[in-house]
Amino acid sequence: MGFTDKQEALVNSSSEFKQNLPGYSILFYTIVLEKAPAAKGLFSFLKDTAGVEDSPKLQAHAEQVFGLVRDSAAQLRTKGEVVLGNATLGAIHVQKGVTNPHFVVVKEALLQTIKKASGNNWSEELNTAWEVAYDGLATAIKKAMKTA
């Protein structure tokens, strides 16, 4: 069964996240670093900081991650697969030393952040839609990493 219109709508219903981008960006990266402290060095905007601090670069990167997942949801519904619009994503992830466990950590942080942002609107169905969309994106990035 392919990605449905309803699943895409659930992924795109993240207005709560957009309304508090600074707070949820900090939460997202805090969860990433709690799960994988060594990942701090993978993010240029976190390298020289004592912890996760709000910054335009942090917010921009978080919005990019969430935006890529939303785009993946649309592609999964229309094409059944995710094709990266940014051909350099694979090379960037290789250059940074990203490995398979990093994708798991980011997925867990993403899902926890969405759960917090969704509040009473959170559901297993919402969680699954985001998870499937993220998995599609991760698969596309890993594929691009192999050819980078």
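Note: Cβ is positioned from N, Cα and C throughout, glycine not excepted.
Record check: Swiss-Prot places His93, Lys96 at the heme b site, and the matching candidate among Ser15, Ser25, Ser44, Ser55 is Ser44.
In terms of local Cβ density within 10 Å, Tyr134 ranks first among the modified residues Tyr24, Tyr134. Here the candidates are the binding-site residues His61, His93, Lys96, and by Cα distance the one nearest Tyr24 (nitrated tyrosine) turns out to be His61.
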